[in-house]
């Protein structure tokens, strides 16, 4: 994790301070290693959550090919951009001669309209780069990582080759990329070192935090109705008697270790009051334990939505936690 300085324009004095998490891996060209790195990036972003929400982040994927692939592509792209130069913003007009690929990354709506009709790199790939990209997508498909193929995706830095990717958060507008990376197989050599292939990614800590908590302009994941529904307890443990607090706490601990979200009231309340609490918290199930149940080594498991309940016999607290888990795990 490093503090960084982003110079928006070397000719100007404005710059942005930010913190990013970096992951770098020196590795030969290998689709499985790339897929593992992409998987790691997705898992880090999802780590604050106790569930695997499908719609939080979107993975966009592309390949920039190798230097040989890009010779003809750059020629055709440059020709296209020159023909449409008048419709580009002033920054992109300057980029055409310096690095035409950067035009593809412009957020200006007029430029985006022009770029939507430009040549795409995937039509210029050599056999090796094409086969590698196909293999990477096959690995991602096999392990269940969903992605959107974006043939016009480029990175802001010029040293990227072959695989590149961005992970975007919903609801952040144009600045929605929270993580990005790709291969930079020739970078070390360009800096005077040996030719050592590598791949890596960075997560913008501030952007990531905004995607979760929101800010003045953006609604974060924590504020979304879909997310809040996921925070509702799976099980509300109802204890009828203060002397059961230790047992109830132990049971809640065992269930939480199994991944069940539990709530428990440590105040002495009636069954009706506790059922009302469970209903207010939108708990999916409640588990009722009283002196009589304890003597019979049984508990009452109640489906709060359907108002159906059943008796659960148990030998000890570990046995009860396992039986409750098995009964509700596929329904929460």
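We count from 1, first residue shown onward.
Here the Cβ of each residue, glycine as well, is placed from N, Cα and C on the backbone.
Automatic prediction, not curation, is the source of TrEMBL annotations.
Computed from a predicted structure; not experimentally measured.
For reference, TrEMBL has these:
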- 8-207: domain 'Class II Histidinyl-tRNA synthetase (HisRS)-like catalytic core' (DOMAIN)
- 20, 24, 155, 159, 160: L-histidine binding site (BINDING)
- 235-317: domain 'Anticodon-binding' (DOMAIN)
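If you average pLDDT over the domain 'Class II Histidinyl-tRNA synthetase (HisRS)-like catalytic core' (8-207) in this model, you get 83. Residue environment of residue 20 (L-histidine binding site) contains 19 other Cβ atoms, counted within 10 Å of its Cβ in all protein chains. In this structure the residues listed as binding L-histidine are 20, 24, 155, 159, 160; their two most distant Cα atoms lie 19 Å apart.
Around residue 160 (L-histidine binding site), the same-chain residues at least 6 positions away in sequence with a Cβ under 8 Å from its Cβ are 64, 154, 182, 183, 184. Summarised by DSSP class, the composition of the domain 'Anticodon-binding' (235-317) is 33 helix, 27 strand, 23 coil. The number of other CB atoms found within 10 A of the CB of residue 155 (L-histidine binding site), across every protein chain shown, is 20.
Over all protein chains present, the Cβ of residue 24 (L-histidine binding site) has 13 other Cβ atoms lying within 10 Å.
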